[in-house]
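Working notes for the structure below.
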Amino acid sequence: MDSSNYTPPARRSMTDEEITTALGNAQADEAGITAAMELLETQAQLRDIEKMEFSAWVIEMERNGSKEALLAVENAKRAQQGLEPLNELPGTAPVQPIEDVVAHLNNLYAKAPQTEPELSPTAEAPVEIELPPAVEAQFEPELPPIQPPPERQPEAIFTANQTESFDEFDRLLAADTVVGAEDELTALEEELAAEVSGAPVSAIEGIEVVEDDPGVVFDAEPAIEPVKLESVPKISRRSRASSQFWAWLGLGGSVLPLGLAWFVSKTEVSFSQSVVAIFLGALASALVISVGALAGKRSGLPTLLLSRAPFGVFANAVPASILTLVRLFWSAAILASVFAFGNDFFAIESRANFAATPNITLLSLAFVAIASAVTLAIFGGRVLFRAQQAVGVLGVLVVVVFIAFTAYSFSIQGLLAEPSSSWIDAFGIAVLTFSVFGLAWTSAGADFARKLATTARGASVVGWGVLALVLIPTVVASYGLALFSSTSSTSAKNPQNLIAELGSFVAPWLGYLMAASAMVSIVVVLAMSLYSSNLSLHSIGLKLTPAVAQPIIGVLAVGSAFIGYLYIEDLWSFIADYALMAAVPVAAWSGIFISDVLIRRIAYHEISLSRSYGFYKSINWVNLVGWLFATVIGFGFTYIDQPGFGWTGFIADQLINQSFWSITLFGIVMGFAFASLLPVLFGIPRIKRQEAEVLAIEARRDDLKDIFGLVD
C-alpha cells in the first residue's frame, strides 16, 4: 500500500477561531445576520462531510492492519486533540477473553489463605509505669471475651453473568424514533423518581426533612420577582400542574360566584336551566384560560408576548394595547364594586360628604385593600402564589360554613320541578358568564403558568384548571342560585340588594365572615389583575419595574373607580354594559390566539418574538385584518345601552327579531367563532413552516455547541 494513503483527509471547514472572527466581523443588520446564519450552516455541513471522510479513512486503515496504518490513525486522532505525533505505536498487552480473566481471578481468590493476619508487637522495650493500687483498680478495664471470627467461605468476586441489567438501555434502543426514545427516557426518569421518593429516610441529627409543597416548587429567587420579556429559565420552571388549581382557586372558590348566582336569580330562567348555563359558561372560560396556560408552559413567556406569533411582532401592538386597556378597566371595575358594596355596608347617605364617619371608614378600608393589592403585585412570584393559596382555602372554608348554616332554607325538589323557560335567555346567561370569567382573564392565562415544568402533562394542566374554574364555582353558584331562587324577592339588580338578601339568610357573625372573605378575595384578584397588567405593558414596550409600574397602575385604577363611584348613578349597569363592550375585541383576539396555540406542536422561538425579521415577521395581515373584521361583526350583533354606543347592533338592525341578538349576546360568540377559523383556514401552512424553521435552527445550534460552548 502506498504511503500516501496513510495521510488523513484534508480539512474542508474553517477552524473555530476563523468562524469566531468571521462572525465578529459580520454586520449587525438583517443582511449581516442572514449571512452569518448561512456561514454557520455551510460550516456545519462541511464538518459533517469531514466526519464521514475521516470515518471512512479510519475504517480503511483498520482493514489494512499494518503498523504504519494504525500509527497513522493514532497520530490523526492525536492531531485532533492538539497532541504531538508518535514515532511508533505504544506497546499494548494482549487482551484475553473476559471469561478467561474472570475464571483466572476466581481461581486465585479461592486458593488464597482466608485466615486473618496476626499483628505482632514491635521489638521495643516495654515501658513500665508504677501506679498506686487505687489508680490501677480505677483504670483497669473489664473487657468482654473475644470471640473468634467465623470461618468465611470463599466466594467469587467476579462472575461472567454478574453484570448490571441493561433493560433500561434496551428500552431506549428499541424505540423506533427519537421522540419514542425521549418518551422512554421520561418514563425511566419518572420510575427512578418514584423509587427515590419511596426509599426510607433515616433521621440524621441536624438535618430537617422538608415536605413537598402542595402545588409549586420555587427555585431560589429574590423576594420581588423581576419582570423580564424573556423565557423563565428551565431550572426555575419546576412548578407542578396542580399549581394551576391554586392560582385560580381564589377566583372560583370564593364567595364571588354567589354574586353571579344572585344576578342570575333575578332573571326569568328556571333553576335547572340556569345551572346548565352557568356550567357551560364556566367550562368555556376554563378552556380559553387553560389553553393560554399551555402556551405559557410551553414557552415560559407571558400571554401578550406570545400573541406576537399569530399577529406579528409590530402588528401585535394593536390588539395588545386594547387588551391592556381592558385589563385596566377590569381593575377599576373591581375597585368600583368594592366602593358600591361598601356604600351600603356602611350605610353611607351622602357620597360627597367625605368628613362623615362612614365615608372615612370606607375610604380607609379601600386604601388598605388597594395598598395590599399593589404590594402583592409588586412582589409577585412566591408571595402572590401563597396569597392565592391562602385566599382560595379561606374562601372554600367560608362557603362550606355558609352551606352548613343555610342547607335547610330551600327545597331542591321544588326548584327542579320548575317549568322550563326560554333557552334563549339561558344562552345569554352562558355568554355573560363566559364574558365575565373567561374573556376577562384569557389574556392572563400564560402569565400564571410561566413557571410550569416543561415535563408537566398538558391534560393535567387543563384538568387542574377545570377543577378550579368549572367544578368548584359551578357548585358554589348553583347552591347560591337555589338559595336566592327560593325567596320571593323581586329586588332590582343592585349590589346593595345582594347584601340585604344575604343578611336575611345568615346570622350577623356569618355575614361579617363572608364580607371579610369577599374582601380578601377581591384584594388577591385585584393583585392578579395588576400583576398581569404590568406584563401586558412590557409586551407593548412599556418596560417598568414592578415597584414603579404597580403603583402607577393602581393609581389609575383607583382614580377611574372613584370617579365612577361619585358621578355614575347606575354604576352596576355601567359596569355590565362596558364589560360586554370590552368582551367583543377580546373575544376576537382570543379566537385567533387559542386556535394558533392549538395548531402549534413545539415551543416558540423566543428571539423571533422580539425581532421583526424573525420567523413570525413584523405583520401578519391576515390575522390583523381578520381580528378587526371579527370585532366589527361582534359589535354589529351586540347591543350596548350606553351613551355614545347607539351605533352598536347595526347588523342586527337589518335583520328580524332584534330581541334575539340583544338577549343572547350572540355577537360575542360570532366574533369569537369567526376569528377562530382564521388560523385554521389560512394559518396552518405558515405555522408549519415556522415550526420547521425553528427545528432547523435548533438542529444547527446543537451541531455548533462545540464552537460556542453552549449549554442547555
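A Cβ is built for glycine as well, from the same backbone N, Cα and C atoms used for every other residue.
Unlike curated entries, TrEMBL annotations are predicted automatically.
Small disclaimer: the values here were computed from a predicted structure and weren't measured.
As recorded in TrEMBL:
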- 245-264: transmembrane segment (TRANSMEM)
- 276-296: transmembrane segment (TRANSMEM)
- 317-340: transmembrane segment (TRANSMEM)
- 360-379: transmembrane segment (TRANSMEM)
- 391-410: transmembrane segment (TRANSMEM)
- 422-441: transmembrane segment (TRANSMEM)
- 461-485: transmembrane segment (TRANSMEM)
- 505-527: transmembrane segment (TRANSMEM)
- 548-568: transmembrane segment (TRANSMEM)
- 580-599: transmembrane segment (TRANSMEM)
- 620-640: transmembrane segment (TRANSMEM)
- 660-682: transmembrane segment (TRANSMEM)
Which of 317-340, 360-379, 461-485, 548-568, 620-640 has the most Cβ pairs closer than 8 Å to the transmembrane segment (505-527)?
-> 360-379
The transmembrane segment (548-568) in contact with the transmembrane segment (620-640), cutoff 8 A, at least 3 CB pairs, sep 6+ = no
Report yes or no: does the transmembrane segment (461-485) come within contact of the transmembrane segment (276-296), defined as 3 or more CB pairs under 8 Å with a sequence separation of 6 or more?
-> yes
For the transmembrane segment (360-379), which partner among 276-296, 317-340, 391-410, 422-441, 580-599 gives the most CB pairs under 8 Å?
-> 317-340
Top Cβ-contact partner of the transmembrane segment (317-340) among 276-296, 391-410, 580-599 (pairs under 8 Å) = 580-599
Considering only Cβ pairs under 8 Å, which range in 391-410, 422-441, 660-682 makes the most contacts with the transmembrane segment (580-599)?
-> 660-682
Hey, which bits of the same chain come close to the transmembrane segment (391-410), Cβ under 8 Å, at least six residues off its ends?
-> 246, 249-250, 253-256, 468, 472, 476, 479, 482-483, 485-486, 505-507, 510, 513-514, 517, 520-521, 523-524
Going along the chain, which residues at least six beyond the ends of the transmembrane segment (422-441) come within the CB cut-off of under 8 Å?
-> 251-252, 260, 264, 267-269, 273-274, 276-278, 280-282, 284-289, 326, 330, 469, 473, 579-580, 582-583, 586-587, 590, 660, 663-666, 668-669
